[in-house]
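Annotated in Swiss-Prot:
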type     : residues                          : note
BINDING  : 260, 267, 282, 312, 352, 427, 433 : ATP binding site
ACT_SITE : 262                               : active site, N6-AMP-lysine intermediate
């Protein structure tokens, strides 16, 4: 088994590399050197993930629990750990400093390790040891779960050198901070096992798991990769739409359009296997238990033995009109007394795509062919229906549909290439969206500041970033401090307190996890931010709990808006 120290050494090497090609070479060499059992684990670890995106397992360790584990393992007080976070600005460097200053208190350490019937201080830990402890942590719940998680974390830190602890601490909150994303890992797998990058990408699209793809590439190359299949209850990334400046531009780009309403709802991916139904949010979280009405509608009205469907769940009032987006999020968050919430906020499901049907993968088929099969297997009713679609290249017809969608209280229209296949996780011109001119941006919160005066205990100013899909980095684009109520600031402070990965004075660095919908007056060129742009008069519109950080606006989109402003 490979020692975790070897993984930490590779991470340290990568952290000092700026070239994506050099990073790819280092990751490739590491993937070639490890066992098949370790391969999927390391593939995820090097991206800062513990489990694949589709997995129901969630590590769920917040910074407060991590601080406590470092305190217990090092013998430093909790305040000393918090002070180290402020002085170093990084939880990894905090772990290095804390374990470097480790106080000699053998009695305390031995007591904390008795649960494991082994002396952690006397053994080195392997990569698989770390993964198995993380797996145990993810499965603890209920009374006593925090102390059980704590004991596992203590074991790991007591088994680690201070250098190993740097990456162990970061991995615990799934933010490795070495700049390795999916693109680099895809290319590293390709190079390590001599499989074309396109085949690796194809396998990833079908499985949503680069770990599985890496194992297939190692064991059988292209032949084994070609055997990878989409599977029920393993959600794949959802295809994304690009904003079009006008309907005329969309027709120029695509010619004939498949026009659909863009509903003001929450996107879902539904997996049906007989009467077993699982529903996943656009962040690939399993929300089945919160949506029993959608489950029942699919059972009754989708006539297929097995299927993977996509659609929008829309909250409606007594007249069938759409309710506020926040009401939908209440449904998705609800875990207790769900039936009461079902009565208070009923949902309808508008289906628009099908990716899998009765054992056949459909995503390579055209949108029109997929839609034919979707229509054939769904019985439309009040609770579930296939979204209406019109094929046209007439600007006036599209404008009429657009106006009808807006008058119905929805966001606008989707303009799709009727001949396009389905591309998981890809944003491009095959799917376009047209919304009103007052555009908003979905941006990731990467840092923040504690407030002043009566708001001193609240986080009140947030640093925003767009996404660069080429290297998986988040690029700062400005700050927002307006549009928040005191109640909202209190709620957000509670959320962000568990995402702190560094602190210096009033400034805090956050794990990129939360997406804000931001209104703005203008995008300007700026040398103050890493994106090269800044927002003029940004203000909060919504917290987009349904969106993942990687679904934030891309740097290309920011540049496009900037150029369009200039005419």
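Placed from the backbone N, Cα and C atoms, the Cβ positions cover glycine too.
A map of Swiss-Prot features onto the structure.
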residue: 260; record: ATP binding site; contacts (Cβ under 8 Å, 6+ apart): 352, 387, 388, 389, 390, 413, 414, 416
residue: 262; record: active site, N6-AMP-lysine intermediate; contacts (Cβ under 8 Å, 6+ apart): 405, 410, 411, 412, 413, 414, 433, 434, 435
residue: 267; record: ATP binding site; contacts (Cβ under 8 Å, 6+ apart): 238, 281, 282, 310, 311, 312, 313, 546
residue: 427; record: ATP binding site; contacts (Cβ under 8 Å, 6+ apart): 240, 241, 242, 469, 554
Residues 260, 267, 282, 312, 352, 427, 433 binding ATP per the record - widest CA separation, whole Å: 19
Around the Cβ of residue 352 (ATP binding site), the count of other Cβ atoms that are within 10 Å: 24
Surrounding CB atoms that lie within 10 Å of the CB of residue 312 (ATP binding site), all protein chains: 23
